[in-house]
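Single-structure report; data block below.
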Amino acid sequence: MVTIANAHDELIHDAVLDYYGKRLATCSSDKTIKIFEVEGTENYQLTETLVGHEGPVWQVAWAHPKFGSILASCSYDGKVLVWKESPDRSWSIISEHKVHQASVNSVSWAPHELGAVLLCTSSDGRVSVVDFNDDGTSTHIIFEAHKIGVNSASWAPVDTKSPVRRFVTGGSDNLAKVWSLDASKSTYVEEAKLEGHTDWVRDVCWSPSALVRSYIATASQDRTVLIWHQDGEGKWQKQKLTEELFPDVCWRCSWSFSGNILAVSGGDNKVSLWKENLQGKWESAGEVDQ
């Protein structure tokens, strides 16, 4: 584990490596985003500080490199900013998305096969999906997803046979919901409502690989993580990651690239790793003290 000292002046909310693992973007309550060059396993060199938000920055997301060196950020200020690196290695804002009326809590780029598409969730209860066109213009769809606030969202992996836009959202109504695009109505429709938590759903994560079975993980303030999969009839079934409650709130969950390991971070400042055994039960695969 590598510690980067004095990266920000206040609490860091997110840290994400780019596609190649060569750069790290971090964001903080100090309203800034910082870009680090990664050299080897322990050398992180600060190369840029991005200033543009007027409140705490909750999350950052790198676009696929086919679209260039592009980073999206979201903030308590209700804005989503899209940043691009120019050939001289300077960064600038190329798009500002201001359709939400409250904090924007998460941003997530769609699988690159679907184009340059950004998914945003907000405390105003709505989700917006922004399509960025080759000519520099953009269009968006916005709709209500969870009345008292949306905390997170995650795209489904692309089915090459039927590349439908699908994603899952997690809300302050204790629910997760699965959505898909209805192109005829130019909006997203609710496919399924995933009920199982007794407090806010803080994070959702759709496994990136559907080679064997597609999973959704939901992490909640109720100190549980649920794993969801569709049965033969297409109905979503849930399974507790562990029968015991986590020591504190479960803030984030994240699948490995191959989708066979799940990482869970909680209010106890620990990251636990989980994997499915041959009997279909989830078991501990280790723990990291932060």
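Placement of Cβ uses the backbone N, Cα and C atoms for every residue, glycine included.
According to Swiss-Prot:
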type   : residues : note
REPEAT : 7-46     : repeat 'WD 1'
REPEAT : 52-93    : repeat 'WD 2'
REPEAT : 99-140   : repeat 'WD 3'
REPEAT : 145-189  : repeat 'WD 4'
REPEAT : 196-238  : repeat 'WD 5'
REPEAT : 245-284  : repeat 'WD 6'
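DSSP labels the residues of the repeat 'WD 4' (145-189) in these numbers: 0 helix, 23 strand, 22 coil. Residues 53-62, 64-65, 69, 71, 73, 75, 83, 91 of the same chain lie 6 or more positions beyond the ends of the repeat 'WD 1' (7-46) yet place their CB under 8 Å from a CB of it.
Residues of the repeat 'WD 3' (99-140) grouped by DSSP class, helix first, strand second and coil last, total 3 helix, 22 strand, 17 coil.
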